[in-house]
């Protein structure tokens, strides 16, 4: 199974890319993970709907066919690390690749939210885009460490 973080946005600072790379390289082989940056649509005189439609097409092109669709959304499930680990375990049992979508400045097309297999919320706080990417990568690694009984995660 592969975990693909698909993030609409511009190039991130080195600390974001290096942090994500560090957590992703720690992932076990059976859970290969990657971050793919999706170029945002140039604003110009386009409406929000036009921007999101163009980005939707780019996201679809980057997704592996048949992937479980997980949307990061402010109204998504607010999970603890242990609950995320259980969710990840369920995804692993399903066997499909997982596409985790992080929308751009204007969010994600509503169709993604409606078709999502899961909707997750990283925080009630508004996070900078790069921080959301890094936090997601770290939490995916932490969830795996819980499942593997690795000492990275200490409970209580």
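The backbone N, Cα and C atoms fix where each Cβ goes, glycine too.
Reduced to three states, the DSSP call for residue 123 (S-adenosyl-L-methionine binding site) is coil. Sequence-distant contacts of residue 123 (S-adenosyl-L-methionine binding site), defined by Cβ-Cβ distance under 8 angstroms and a gap of at least six in the same chain, are 135. Sequence annotations record features per position, and here Swiss-Prot assigns S-adenosyl-L-methionine binding site to 72, 103, 122, 123, 124, 125, 126, 127 based on sequence analysis.
Close to residue 124 (S-adenosyl-L-methionine binding site) in the fold, though at least 6 residues off in sequence, lie 74, 78, each with a CB less than 8 Å from its CB. Across the annotated binding residues for S-adenosyl-L-methionine (72, 103, 122, 123, 124, 125, 126, 127), the two most widely spaced Cα atoms sit 16 Å apart. Note on the binding-site residues 72, 122, 125, 127: the fewest other CB atoms within 10 A surround the CB of 125. Same-chain residues at least 6 positions away in sequence with a Cβ under 8 Å from that of residue 126 (S-adenosyl-L-methionine binding site) are not found in this chain.
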